[in-house]
Amino acid sequence: MGDRGGAGGSRRRRTGSRSSSQGGGGGPAAAEEEVRDVGAGGDAPAPVPEKDKDGDAVVGSGHWDLRCHRVQDSLFSSDSGFSNYRGILNWCVVMLILSNARLFLENLIKYGILVDPIQVVSLFLKDPYSWPALCLVIVANVFAVAAFHVEKRLAVGALTEQAGLLLHMVNLATILCFPASVAFLLESITPVGSVLALAVYTILFLKLFSYRDVNLWCREHRASAKAKAKAASTGKKANGGAAQVMGTVNYPDNLTYRDLYYFLFAPTLCYELNFPRSPRIRKRFLLRRLFEMLFFTQLQVGLIQQWMVPTIQNSMKPFKDMDYSRIIERLLKLAVPNHLIWLIFFYWLFHSCLNAVAELMQFGDREFYRDWWNAESVTYFWQNWNIPVHKWCLRHFYKPMVRRGYSKWIAKVGVFLASAFFHEYLVSIPLRMFRLWAFTGMMAQIPLAWIVSRFFRGNYGNAAVWLTLIIGQPVAVLMYVHDYYVLHHEAQSTGA
């Protein structure tokens, strides 16, 4: 302490002599030196340096001018907490656009313009006076009305539950078998027309399955509520387990054609007696969705004709020669346009089309997808990319199996089996060949989900999910196209 005080005293003496030699003790320099002496002597805390808006010391604030470093991590280090990579994302988008622009120009130079709207019409119709796919869609009303009348008779007790179940099973089985037989046997229907008709019947199957289940639950609920009311002798009305609420529909008042067809056209697969409704139709929102539907339809058709078709046609010879290096090269070349078209199709269907239908029908629940692009596991992807199907599987397939005593793993395998069946149903029957590539691809998701969850986490898991989407689909496309080409074109040329 004495040494420190002595040092301060000597410093003060030097300061005093310097100030006196400059001819005055009241100047600014003297005042600054006096403040420094107080800080150095320990009589008062050192002055806090002034800082600018960036947190750096202002020039002229003493020895703090020399400090320009502090303990901190680099931005790319995980400990830095930095997360704003918007510029890098923009760079990736620019590079993606430039690389695909090069491929597009190369395609135009090599093949010319291949987009032909007339050819698109021929994909749906072989004969302009024959519309078999449209006729199939119109006939689907018969099965919907049949399910409605079965439910009407069940509601009034004219049918037993066993008889109603049998009639529903026959109706649902016919919904799947009838259009498949027509598509497989009728030569005038095109593969694209078959896909659309079978997709309509598949949606009808899922909707009527849900329609039957929910009405059955309402009957069971009503019966149990009546039994409780009778036992308690309350005299209260037991309609669906609750008294009538203003503005709601209770069972069996829901059994009307208006209610049935609202459900059939609504963008959902799960039936409810009272759907959430939006207050009004937003015209600007609807026009934007309709414009997107038109624009992205044209874009998908153009990309398929201009980009995918030549690549697939050039892939037939390597498949025929079993040139594996060329097959892999063609597969990777097909992966980019296929994945881009799939992404456009996702936006077109799940955002533009379903939102347009929901807006027209004032359907309130617009959760048609979740953030599947952030999926770090295969399971998360399948649970979030197609919410209408996921809700149906969870409500009418997975949970009923678990309630019946099956394990969750068995129930999950059952869901993938059902999904694999419908994928193969929508591909093999229109192409009139059974190769089970779609079925195998869906069932392969089970071991793939285990591998990704076991060995990949976080960003690595997300990258693994994206890789399976980018590579897996072109493999199935090439398999089906190759088999279809061999079965139809080469067989016809050999026969000729």
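From the backbone N, Cα and C atoms, a Cβ is placed for every residue, glycine too.
Features as listed in TrEMBL:
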type: REGION; residues: 1-55; note: region 'Disordered'
type: TRANSMEM; residues: 129-151; note: transmembrane segment
type: TRANSMEM; residues: 163-186; note: transmembrane segment
type: TRANSMEM; residues: 192-209; note: transmembrane segment
type: TRANSMEM; residues: 290-309; note: transmembrane segment
type: TRANSMEM; residues: 340-361; note: transmembrane segment
type: TRANSMEM; residues: 409-428; note: transmembrane segment
type: ACT_SITE; residues: His423; note: active site
type: TRANSMEM; residues: 434-452; note: transmembrane segment
type: TRANSMEM; residues: 464-481; note: transmembrane segment
Ask   = With the transmembrane segment (464-481) as the reference, which stretch in 163-186, 192-209, 340-361, 409-428, 434-452 has the largest tally of C-beta pairs below 8 Å?
value = 434-452
Stretch with greatest number of CB pairs under 8 Å, the transmembrane segment (409-428) reference, 192-209, 290-309, 434-452 candidates = 434-452
Note = Sequence-ordered list of residues in the chain of the residue listed as 'active site' that lie 6 or more positions away and have a Cβ within less than 8 Å of its Cβ, or none, is Ala438, Phe439, Gly441, Met442
Inquiry  = Six or more residues beyond either end and a Cβ under 8 Å away: which residues meet both conditions relative to the transmembrane segment (434-452)?
reply    = 377-379, 382, 412-413, 416-417, 419-421, 423-424, 426-428, 461, 464-465, 468, 472, 475-476, 479-480, 483
Query = Which residues, given as numbers and ranges, are at least 6 beyond the ends of the transmembrane segment (163-186) yet have a Cβ under 8 Å from it?
reply = 132, 136, 139-140, 143, 146-147, 150-151, 153-154, 194, 197-198, 201-202, 204-205, 208-209, 212, 425, 429-430, 432
Message = Is it true that the transmembrane segment (192-209) and the transmembrane segment (129-151) have 3 or more CB pairs under 8 Å, sequence gap of 6 or more?
response = yes
Ask   = What residues in the same chain, six or more past the boundaries of the transmembrane segment (340-361), come closer than 8 Å to it by Cβ-Cβ distance?
value = 100, 262, 265-267, 278, 281-282, 285-286, 289-290, 292-293, 296-297, 299-300, 303-304, 308, 368-369, 385-386, 388, 469, 473
Ask   = Against which stretches of its own chain does the transmembrane segment (290-309) lie, if we need a Cβ under 8 Å and a gap of at least six residues from its ends?
value = 103-104, 107-108, 111, 113-117, 119-120, 334, 337-338, 340-341, 344-345, 347-348, 351-353, 356
